[in-house]
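J.: Take a look at the following structure, please.
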Amino acid sequence: MNIHSVLSDRVYQALSFLVNLPINVSLKIHPSTKSEYGDYQIDGVMDIAKKFGMSSLCLARKLVDTLDLNGIAYKIDVISPGFINIFLDPNWLSQCLICVLSSSRLNIVTVIPKKTIVVDYSSPNIAKEMHVGHIRSTIIGDAFVRICEFLGYHVVRSNHVGDWGTQFGMLIAYLESIKIDLNKKITLSQLEIFYRFARRKYDQDPYFSKRARDCVVRLQNGDSRCLKIWNNLVKLSMLENQKIYDRLNITLNLTHSMGESTYNSMLPEIVKDLKKKGLALENKGAIVIFLDNFKNKRGKPMGVIIQKKDGAYLYSSTDIACIKYRCEILNAYKIVYYIDSRQHQYLKQIWSIAQKAGYVHNCILEHHTFGMVLGKNGKPFKTRSGATIKLTVLLNEAIKRARKLILNKKPNISKKKLDILSEVVGIGSIKYFELSKNRIINYIFDWDQILSFHGNTALYIQYAYTRIMSVLKKSYKIFKQHSFKNKIKLTTKNEKQLAVHLLQFEEVILFVYQNGTPHVLCSYLYNLSVLFSVFYEKFPIFYEENEELRISRVLLLSLISKTLKQGLNLLGIKTVNEM
Ligand code: ARG
């Protein structure tokens, strides 16, 4: 159900009677900005009139005369110099609401035929604990994945973990040098310390750095001893990361791990092919691609190295192979990368190479960039001592704070309920805070704003949901005792506002899919909760005396609860029935 598409079909149909379409015209049909402008307004008639040398008021009037919104709108106003305001018919809205309510997926469209979207997200580097720097890609990427799947796309989650390259050479060389017994359990934090030592040794000891580089080449050539150590490191890291994904209610699992190493066997062929196509050249022993469309600091074509002098491949070589794999083997219709904005230029170069090489076939490439997480001081969010903040620590803190908050409100809550609730609220709040910010800008991590009952927060919406659920629980009997009358009556302005808002759910989901902007869905759910709260405080529901109205309001509440739950679910946020 989509008010926008119903209106736009009819409006364009009417317009095509009046002027010779298609030309380069578009009308903007959108929810009205003020209630006196009706429910939807049409802008852009003036531009069209200008193109045809007509008076805009005259064209707007003719459009309204031709426009058939019988049974959909009860009034259409024309405002000088050519704005059109549409007032939707409450009866039509109420029929639409019943339709939506009786559908298990709230009557939201699905794409046919199923197309494949590859989503590259989370992608931490192996041998290090996940930290706050991974939170954005992981959480926003996962919400996007859920939305794509809900719309019917076939989604390939591609966790492009950094499991290849120089750092593994270092680590393997170091572990060999200290003769570590890999049959004994080592933890990820120990591994991270080893990595730090290895890095220091690499920078200071030329003999060690040579060994580390040899290890990279050995690894890339399939040396069994190196591979064995490497396998252990990857397994250990991914099992640790999985714990974070599970706690965060992220849909990634071990089968989605398609790290840089996945593409290793393709690399020699790719380099050969790029040379053959005249794209890659030998330059001071390395293999380089010079791109005319990107300039370096001296204004010369930018060089992208794809193979080093010693034969080792790079992050870039892997990404080129990866595009080929996603297009040719996975048959991707679209590839979406959730990577921070600092890699934008790099990605564009890789895409450009893949396109020139003919590896991209009818495939849309999108980079959904995001900014940084900052501390209250406006600098990158770190611990007091300046270290990166581990996700485990951050999640523990969220749950601890949620616990305190809940105990404050409900000192007598049982331990079991408290455990469940602090998890749902703590994790939900962190995720929601992340998702509610426009991803392209930096945001400030602030616990007071994250865990608040006021404003655009998870708690506000989760709490509104529990209020609805408690009314619905009481009302269950109403449905049992009386014949179920399928009618939602929109008797007040608030009910009508709620109706229009509820029927905009599909529009919002499609917008978020198109733009990869979950914050728009957050605002939608928040506004729905606000509309509900206002209505709930003003009008009786369960205690409404008129039976028909009582049932109607309960039905409306039921749809609000379903929409909130579905919306939060698409964001990967859980709900509870009571708080
Ligand atoms: N592991 C990389 C990093 O931590 C992110 C990988 C993003 N995906 C990609 N296809 N390059 O920066």
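Quick reminder: no glycine exception, Cβ is built from N, Cα and C everywhere.
The structure displayed is predicted, hence computed values, not measured ones.
Not my notes, these are from TrEMBL:
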- 5-88: domain 'Arginyl tRNA synthetase N-terminal' (DOMAIN)
- 124-134: motif ''HIGH' region' (MOTIF)
- 461-579: domain 'DALR anticodon binding' (DOMAIN)
J.: By a Cβ-Cβ criterion of under 8 Å, what residues six or more beyond either terminus of the motif ''HIGH' region' (124-134) are in contact with it?
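T.: Residues packing against the motif ''HIGH' region' (124-134) from afar: 161-163, 167-168, 171, 188-189, 191-192, 195, 233-234, 237-238, 240-241, 244, 259, 340, 373, 381, 388-392, 394, 445.
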J.: Using DSSP, how many residues in the motif ''HIGH' region' (124-134) fall into helix, strand and coil?
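T.: Counts, helix then strand then coil: 3 helix, 2 strand, 6 coil.
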J.: Summarise the model's confidence over the domain 'Arginyl tRNA synthetase N-terminal' (5-88) as a mean pLDDT value.
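T.: In the predicted model, the domain 'Arginyl tRNA synthetase N-terminal' (5-88) has a mean pLDDT of 91.
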